[in-house]
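J.: Have a look at the structure that comes next, please.
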């Protein structure tokens with residue numbers, strides 16, 4: 001609740017005569033303070049560069065791991081690394097060893113990430129978002145060094161050392177923690193009604209990793225014809241990001257503490273919570289448990305849906321490539337064009353459609369005068385309807401792929417499912433409005449924990465289903481994904497919201513019919 005002092009200050013004129021020779025009120029000082037104010041425009045370019053770099057390493061990482069396994073395990077007498085890689089291309093034993101290695105790396109990184117991510121985000125409420133973003137880059141940087149050492153000295157550095165890179169990646173939180181820390185940064189500096197649009201830009205940057213990353217990697221490999229140059233470039237970018245996060249990015253939490261008094265609230269928290277140990281992962285989940293039953297149900301549905309969506313997105317891309325290669329014999333060029341086209345469409349929806357739609361809803365709300373005197377709710381105007389509409393689009397997209405067994409069906413179904421890209425930022429925005437401002441880091445840390453768990457379970461389950469059915473019904477996986485999305489769509493109908501504003505009036509069956517508050 002706003003204090004009387006704040007109310008008086010807000011009624012003062014914006015422009016007043018300077019009372020003294022205060023530098024902060026001079027033209028230069030005021031401009032510099034405004035320039036260094038925390039803003040999404042500071043964060044988004046850095047996060048986008050981070051995400052695209054991670055995406056551009058997908059192909060080089062695959063080839064480097066495959067080449068090292070082939071050279072060290074199956075062609076130890078062959079001194080030519082590239083020639084050994086070409087000879088092992090169709091070796092089923094090499095493919096089996098590669099698959100087993102990826103399982104070890106994924107489980108190791110996922111478990112360590114599940115431990116480190118929530119605690120790092122919990123610490124961010126005390127030490128700020130910048131240090132966490134900085135830590136999230138250290139793991140990939142160390143992994144780059146290990147891979148470079150293995151590529152330069154393939155006979156001396158065993159491929160098992162790459163697992164140390166996976167471990168460092170997990171301990172630093174990597175892209176998962178960088179994403180949640182970026183979302184916390186946005187939450188610190190934005191009003192609740194503006195978060196969907198801001199989170200959409202974060203999601204668009206994350207999607208750009210899959211859209212632009214493989215294209216960049218393919219271009220680098222075609223120009224340099226070597227994996228080493230690609231990793232040296234990634235090393236340079238990660239090193240530059242450390243400098244940018246340290247020196248250029250303004251801290252968001254300090255500004256929030258000064259303006260909203262969160263620093264005082266933090267000191268009043270129970271001492272036991274403030275002294276929670278690093279490995280007490282479950283303590284972070286307390287940010288997900290509201291007191292009343294209705295809010296608790298809402299948060300469970302939203303959090304589980306968001307975590308499942310993340311797990312599916314992490315495991316779906318390689319299976320889409322495998323399905324298209326098996327069914328339609330698509331090769332690298334066709335697969336790259338397919339992934340780029342689908343992800344660019346998702347980016348367009350995120351950066352153009354969602355902000356325009358949400359701004360239109362807010363303008364209509366202000367024009368009708370409905371925002372005055374209304375309590376803040378977890379689901380703003382249009383948000384609950386957006387969640388249900390996106391889930392419906394994903395159901396339709398996956399079912400289209402499962403039913404229409406043709407290249408056109410895969411493309412159309414993927415574009416339809418890609419139209420549901422606003423689902424993740426909308427869910428995250430709603431989650432941040434369910435807890436106090438001083439608990440944002442703890443909340444997003446718990447979300448990071450769920451992400452790490454779903455990153456292990458769902459891709460493993462999807463690979464098992466596809467491997468078990470590819471010989472008879474290769475489209476069964478997409479039918480299962482459509483069924484799962486349908487379950488979450490039904491669950492979203494049980495979400496309650498004490499709001500007088502309807503969601504997306506054009507779709508009355510998707511509207512929120514809860515009673516007026």
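Glycine is no exception: its Cβ is also placed from the backbone N, Cα and C atoms.
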J.: Look up transmembrane segment in Swiss-Prot and report which of 183-203, 204-224, 267-287 it refers to.
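T.: Spelled out, Swiss-Prot records transmembrane segment over residues 204-224, not the other listed ranges.
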J.: Pick from 19-39, 40-60: which range has transmembrane segment per Swiss-Prot?
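T.: Residues 40-60 are the ones Swiss-Prot records as transmembrane segment.
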J.: Can you dig out which of the ranges 421-441, 442-462 Swiss-Prot describes as transmembrane segment?
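T.: Among 421-441, 442-462, the range Swiss-Prot annotates as transmembrane segment is 442-462.
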J.: Which one of 1-28, 85-112 shows up in Swiss-Prot as region 'Disordered'?
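T.: Within the set 1-28, 85-112, Swiss-Prot attaches region 'Disordered' to 1-28.
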J.: Can you identify, from 338-358, 359-379, the stretch that Swiss-Prot calls transmembrane segment?
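T.: Residues 338-358 are the ones Swiss-Prot records as transmembrane segment.
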J.: Would the transmembrane segment (103-123) and the transmembrane segment (442-462) count as touching if the test is at least 3 Cβ pairs under 8 Å, pairs 6 or more apart?
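T.: Counting Cβ pairs under 8 Å, at least 3, so yes.
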J.: Over all shown protein chains, what is the count of other CB atoms within 10 A of the CB belonging to residue 63 (N-linked glycosylation site)?
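T.: A 10 Å sphere around the Cβ of residue 63 (N-linked glycosylation site) contains 16 other Cβ atoms.
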J.: Look over the recorded stretches 131-151, 204-224, 230-250, 338-358, 442-462 and say which has the most C-beta pairs under 8 A to the transmembrane segment (40-60).
T.: 204-224
J.: State the residues, same chain only, that lie 6 or more residues beyond the ends of the transmembrane segment (338-358) and have a CB under 8 A from a CB inside it; answer 'none' if no residue qualifies.
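T.: 196-197, 200-201, 203-204, 207-208, 210-212, 214-215, 317, 320-321, 324, 330, 382, 386, 410-411, 414-415, 418-419, 421-422, 425.
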